[in-house]
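Chemist: Swiss-Prot feature annotations, pasted as is:
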ACT_SITE  His15  active site, pros-phosphohistidine intermediate
ACT_SITE  His298  active site, tele-phosphohistidine intermediate
ACT_SITE  Cys611  active site, proton donor
ACT_SITE  His747  active site, tele-phosphohistidine intermediate
BINDING   Arg405, Arg441, Asn563, Asp564, Arg574  phosphoenolpyruvate binding site
BINDING   Glu540, Asp564  Mg(2+) binding site
MOD_RES   His15  phosphohistidine
MOD_RES   His298  phosphohistidine
MOD_RES   His747  phosphohistidine
REGION    119-650  region 'PTS EI'
Amino acid sequence: MLTIQFLCPLPNGLHARPAWELKEQCSQWQSEITFINHRQNAKADAKSSLALIGTGTLFNDSCSLNISGSDEEQARRVLEEYIQVRFIDSDSVQPTQAELTAHPLPRSLSRLNPDLLYGNVLASGVGVGTLTLLQSDSLDSYRAIPASAQDSTRLEHSLATLAEQLNQQLRERDGESKTILSAHLSLIQDDEFAGNIRRLMTEQHQGLGAAIIRNMEQVCAKLSASASDYLRERVSDIRDISEQLLHITWPELKPRNNLVLEKPTILVAEDLTPSQFLSLDLKNLAGMILEKTGRTSHTLILARASAIPVLSGLPLDAIARYAGQPAVLDAQCGVLAINPNDAVSGYYQVAQTLADKRQKQQAQAAAQLAYSRDNKRIDIAANIGTALEAPGAFANGAEGVGLFRTEMLYMDRDSEPDEQEQFEAYQQVLLAAGDKPIIFRTMDIGGDKSIPYLNIPQEENPFLGYRAVRIYPEFAGLFRTQLRAILRAASFGNAQLMIPMVHGLDQILWVKGEIQKAIVELKRDGLRHAETITLGIMVEVPSVCYIIDHFCDEVDFFSIGSNDMTQYLYAVDRNNPRVSPLYNPITPSFLRMLQQIVTTAHQRGKWVGICGELGGESRYLPLLLGLGLDELSMSSPRIPAVKSQLRQLDSEACRELARQACECRSAQEIEALLTAFTPEEDVRPLLALENIFVDQAFSNKEQAIQFLCGNLGVNGRTEHPFELEEDVWQREEIVTTGVGFGVAIPHTKSQWIRHSSISIARLAKPVDWQSEMGEVELVIMLTLGANEGMNHVKVFSQLARKLVNKNFRQSLFAAQDAQSILTLLETELTF
């Protein structure tokens, strides 16, 4: 027997999706494989998803896999690589508490006296629709069905039918939906799930309906006892597949409570299963109120992926009497507004306008090329493993793919992918990219990424073993097939080739020879292909660092694989808990190595990127910019934040930071240096076109202040528009800011404003400012930083003096557009 010991790396514990993936990995072997959770002293058949879930395994639990059988050595090698490298990817990223914390109710809403019910935010957003109550199904009628001689046959038929339905949905879905449906399919195909139902029928003589329900109750009770919220919330998945089985078995008894949404609807239910959610017309699903759903349920994951706002914590009996009435579900402030009046509806129309502006601006920002504050260009690219990930990466602002892990095509299968399959996969991502560069890393297999059909013998130290470019000569046919596929696809886009695990010049010379042979073959075969291709290497073996100058004669670029390079440089296994604290790329030795690579490559006109985890770490971005890297490639969700941060950094200041870091004596000194590093704040003018509006159709004072504060949030002048608005209202309550002549000047000095601003809205028609000075049709809002030297009283006074001048006022009211107002104010005012 062989054993793999590890700490559970899953933040949410061993729930349905990772259990399904682990079961799939284990099921391909003849050996018996037992999963053990040592904290719980729980054992499970690793080829059963349900048994794995039942171990109650949480993050960082001490676990092991015991493997015993004829193929135990090969199984251990492959499963160890899976546990160490890919197991964590089967978990899902959950929203932070900050993302699920409701904003305090803004004054611009509370002053309108809305009829509100308060709940808890589960998925952020705002939805407007009709409240519709969905009653829960009762299972009592199924439990009462007597046992029948046909029950066993019925069970097998229902399981097969449900599996067929799920497989059909899998063919039609992608993303989170596909992942969750796969987990459900795994559960119904699980021997333990169906076996328990059969035992209840044979040993306890229960009818099929009662056996399905009793099995559901037993499994749910075990999950409900878990210490993990995430595992407790898998109860919904067990209930979902069990109820589907019941409805398939007796469709005539009672149709499932499916709802047809014919107009925008806010759905109110005790709970909603994933399959019920997927059956809804999402175009008309404005939001959901779910009484008992937790923040990590699969239904919530689907809702967030579909941008459906969700609240909980509202008792159904408190909402039932409002069924059929219009409402606004505000999952930003955590409220449900019942029967909103015109003023409340107007508030949410303004909120939607701001949300649309924000979404448009984010899309524009993502599409912009990445520059530092002083216009130093740096490419921001994505790391992906399949062509399906490419559109999402580009939507996040990826300017290309810095690492396409082609080995994913070779893994988890019985035979190698042929040339046509590879060509189609590579062509798909190139077509999605347009003219964006795609760097294909040739197959990094062998060693820690064992491929059974290659029959590479087991190694004592696979991370330092027979892998990547080292295996290519033995498997030259396999490598040539990949080269042919990439060269064919390269004729459809900007393809580049990167070779992993290179340690010497002879390897790259051999590869270049193979590329030329592949080109000759493709010409001979009359297949469309690229005549040349940009070639680079992964810099992950320390020996390469000392001969970068020689490699510059043979390749076009370098990409530093910081994960493996860190391990090899320090001789540290990052998966070994006894030495993993030593795994830290931010040390003087590592930074000096990066500096040497970049300097040598740049001297010879070659570019250098980084494609390990380090590339997406925002804390270390100033160092990477300062070291002169030309490209950062990272997980695509990190791209928007990295681009935004980069725009705030001055490359010269970062270069000095990197120089100082390389002179430090320890990692602790570098961390202290980073903590003390404060990027110079970009300076924005007090007056700017982005904050000036004409002919705004506001119906009240509240909408004007709401819009102007919210717009400052959209434009990045504040990260806290709700808090800034509160400061404006507090000043407004001391004395109204109407100054006469149809003008109001709301103002505040606030800690929540990042860039002091003057915002202007000239209204389409006057509004009541609740002031003795009469109605207002021009709003000039001053928001100055609390710690800035600018005196808001002086600014206010200068504006007031100008407004006394009739000609100045008339010019403001007569201005044709926002630019005319800006030009007038810049001419007349001095701050």
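Using the three backbone atoms N, Cα and C, a Cβ is placed for every residue, glycine included.
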Chemist: I'd like to know which of these recorded positions, His15, Arg441, is least surrounded, judged by other CB atoms within 10 A.
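Modeler: Relative to the other recorded positions in His15, Arg441, Arg441 has the fewest Cβ atoms within 10 Å.
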Chemist: Which residue, out of the recorded positions Asn563, Cys611, His747, shows the minimum number of other Cβ atoms inside 10 Å of its Cβ in this structure?
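Modeler: Across Asn563, Cys611, His747, these recorded positions, the one with fewest Cβ atoms within 10 Å is Asn563.
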Chemist: Which is it, of Glu540, Asp564: the one of these binding-site residues whose Cβ has the most other Cβ atoms within 10 Å?
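Modeler: The residue with the most neighbouring Cβ atoms within 10 Å is Glu540.
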Chemist: By the count of other Cβ atoms within 10 Å, pick out the sparsest of the recorded positions His298, Arg405.
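Modeler: Taking His298, Arg405 as the recorded positions, the minimal 10 Å Cβ count falls on Arg405.
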Chemist: Of the recorded positions Arg441, Glu540, His747, which one has its Cα closest to the Cα of His15 (active site, pros-phosphohistidine intermediate)?
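Modeler: For His15 (active site, pros-phosphohistidine intermediate), the spatially nearest of the recorded positions is Arg441.
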Chemist: Sort the recorded positions His298, Arg441, Asn563, Asp564, His747 by C-alpha distance from the residue listed as 'active site, proton donor' and give me just the closest.
Modeler: Asn563
Chemist: Spatially speaking, which of the recorded positions Arg405, Arg441, Glu540, Asn563, His747 is closest to His298 (active site, tele-phosphohistidine intermediate)? Use C-alpha to C-alpha, please.
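Modeler: Of all the candidates listed, Arg405 is nearest in space.
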Chemist: Going by DSSP, is Asn563 (phosphoenolpyruvate binding site) part of a helix, a strand, or coil?
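Modeler: Assignment for Asn563 (phosphoenolpyruvate binding site) reads helix.
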Chemist: State the Cα to Cα distance, in Å, between Arg441 (phosphoenolpyruvate binding site) and Glu540 (Mg(2+) binding site), rounded to an integer.
Modeler: 13
Chemist: Compare the C-alpha of His747 (active site, tele-phosphohistidine intermediate) with the C-alpha of each of the binding-site residues Arg405, Glu540, Asn563, Asp564, and give the closest one.
Modeler: Asn563
Chemist: Work through the binding-site residues one by one (Arg405, Asn563, Asp564) and name whichever has its CA nearest to the CA of Glu540 (Mg(2+) binding site).
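Modeler: In terms of Cα distance, Glu540 (Mg(2+) binding site) lies closest to Asp564.
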Chemist: Once the DSSP letters are reduced so that anything not helix or strand counts as coil, what is Arg441 (phosphoenolpyruvate binding site)?
Modeler: strand
